[in-house]
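What follows is a single structure, written as structure tokens, with notes after it.
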């Protein structure tokens, strides 16, 4: 099962993420958990989230980039749900062997991520990748949709189809 952890603080203003979800939902075995819809008060039901994760084979963190990072509710979700003894540490093997895909949208182009001595978008994924590896997850190459503020409908649609194709390819590779 593919579990999409969707963290968009303003989902009604989204064009790119909305299309990505629409395409992903056409696949069998996809569950979407919209964190800002489920937890507007930031009071996360840890047991429910861990139960959803336990059913997943592929976990997707889908969100818009905010100040070169993840939205605050997704950060809190990781802090609370990936708990010691469950996701890591002694007895913390619940996520071992599962896959993680970071699916992120950005308003700027790739050149916006040429930062200092460590240029490139990949540098921004390192904390997420380290978290995944520490918890025994298999980190997949990220899916990034850039320039979403200026993309025309045809480009957004094409990128959303590409996202669906990435998910489908994962399903075919791991569940034939």
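The count begins at 1 with the first shown residue.
Positions of Cβ are set from backbone N, Cα and C atoms, glycine also.
Cβ-based neighbour count (10 Å, all protein chains) for residue 68 (FMN binding site) stands at 12. Taken from Swiss-Prot, the feature FMN binding site applies to 8, 14, 15, 16, 17, 65, 66, 67, 68, 105, 106, 107, 108, supported by sequence analysis.
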17, 66, 106: which of these binding-site residues has the sparsest Cβ neighbourhood within 10 Å?
66
Work out the three-state DSSP category of residue 17 (FMN binding site).
helix
Taking only same-chain residues 6+ apart in sequence, whose CB is under 8 Å from that of residue 15 (FMN binding site), what do you get?
148, 151, 156
Conformational class of residue 8 (FMN binding site) under the three-state DSSP mapping:
coil
Just to confirm: which same-chain residues, 6+ apart in sequence, have a Cβ under 8 Å from the Cβ of residue 8 (FMN binding site)?
14, 17, 34, 36, 63, 64, 71
